[in-house]
Amino acid sequence: MKLKTMTMEWTGDELILIDQRKIPLVEEYVSCKSYKEVAVAIKDMVVRGAPAIGASAAFGYVLGAREMFVEDFNAFVKKMEEVKEVLANTRPTAVNLFWALNRMEDSLKKYGKIEGILEYLEEEAMNIAKEDIEVNKAIGRYGAELLKDGDTVLTHCNAGALATVDYGTALGVIRAAVEQGKKIKVFADETRPYLQGARLTAWELMKDGIDVTLISDNMSGWSMKLGKINAVIVGADRVAANGDVANKIGTYMVAVLAKRHGIPFYVAAPTSTIDLNTKTGKDIPIEERKHTEVTHCGGKQIAPDGVKVFNPAFDVTDAELVTAIITEKGVVYPPYEENLKKLFEE
């Protein structure tokens, strides 16, 4: 079984990831032949974006199964708990990571025997990856209906093919609209401190021939005031039961500005990102990353030695600021606490 997309390649023996830390200057790849190597790749942001992290973890689980394999099924299940724990401890905010690992573990236990288990787990990981692509295309189709011909969309971070197995969530909506023949322009904010907008979104859209303009983060409000923005579309790392959205740091700021200027603020996310067990955004753990991501840029120090740094990787946007949540099952509007539940009742 093999899979190859812009973000990842599964050869059957290893997981090869495009190194997103190096884009756009260099296109390099990192080969992961063990579950611990996959864990390091997730932790170090070789791969990032909630759906891409989830799929990578699923393939990491497969590699771990091969490393931990023993003939006794119960002993094997026990050893796989360690694999799951190592992979789960990489990034705390993205719920797709835990969703994918729980699905892999449930599949293992449901299969219930040692014969053929490695092949079965590989097939399940492939299913997770392939389903993600189809889900993203469905999100794109639903979301494209919200965009008019000639619209300019502001994006934050990267919720494109690079953040998923392929096609993307927020950028998937833009791709789908363009495929429908609509003329869509994109303003991509740079997304400090990791510059996913400048490095990844701009690179990805230019590869697709989609009209993209790069702005710094502090230009988004003025761009809105000048009437240059018709809609905002972002992805999500976790959506709480009440509609609060955890996403890349700076998302909350963009949402507040959109509200102030009467611009619709859309969140594009698969149902696997919706966590009904998390009541509100206050219950979402927010990862904090190393201070050098703020004090350095492009490998060069830009701040004084010893300065204190606060570097949360994510923030939480209140549900009241979200116009709608675009999923593979349709577009969800407020009240979110009621309507998000309906997605899982169908």
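Cβ coordinates come from backbone N, Cα and C, glycine included.
Swiss-Prot has this to say about the protein:
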BINDING   Arg48, Gly49, Ala50, Arg91, Gln196, Asn247, Lys248  substrate binding site
SITE      Cys157  site 'Transition state stabilizer'
ACT_SITE  Asp237  active site, proton donor
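Sequence features, as recorded in Swiss-Prot, placed on the structure.
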residue : record                             : DSSP (3 states)
Arg48   : substrate binding site             : coil
Arg91   : substrate binding site             : coil
Cys157  : site 'Transition state stabilizer' : coil
Gln196  : substrate binding site             : helix
Asp237  : active site, proton donor          : coil
Asn247  : substrate binding site             : strand
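The CA atom of Gly49 (substrate binding site) is located 9 Å away from the CA atom of Cys157 (site 'Transition state stabilizer'). On the backbone, the CA of Asp237 (active site, proton donor) and the CA of Arg48 (substrate binding site) stand 10 Å apart. Here substrate is bound by Arg48, Gly49, Ala50, Arg91, Gln196, Asn247, Lys248 per the record. The longest Cα to Cα distance in that group is 17 Å.
Neighbours of Asp237 (active site, proton donor), defined as other CB atoms within 10 A of its CB across all chains, total 31. Same-chain residues at least 6 positions away in sequence with a Cβ under 8 Å from that of Cys157 (site 'Transition state stabilizer') are, in sequence order, Ala163, Thr191, Gln196, Gly197, Thr201, Val234, Gly235, Asn247, Lys248, Gly250, Thr251. What surrounds the substrate site, by Cβ distance within 8 Å of the Cβ centroid and not counting Arg48, Gly49, Ala50, Arg91, Gln196, Asn247, Lys248, is the set Ile53, Ala94, Cys157, Asn158, Ala159, Ala163, Gly235, Asp237, Ala313, Phe314 from the same chain. The Cβ of Lys248 has fewer other Cβ atoms within 10 Å than any other of the binding-site residues Gly49, Ala50, Lys248.
Sequence-distant contacts of Arg48 (substrate binding site), defined by Cβ-Cβ distance under 8 angstroms and a gap of at least six in the same chain, are Gln20, Asn158, Leu162, Ala163, Gln196. For Arg91 (substrate binding site), the same-chain residues that are 6 or more apart in sequence and have a Cβ closer than 8 Å to its Cβ are Ile42, Lys43, Ile53, Leu97, Glu287. All protein chains shown were included, and the count of other CB atoms within 10 Å of the CB of Asn247 (substrate binding site) stands at 28.
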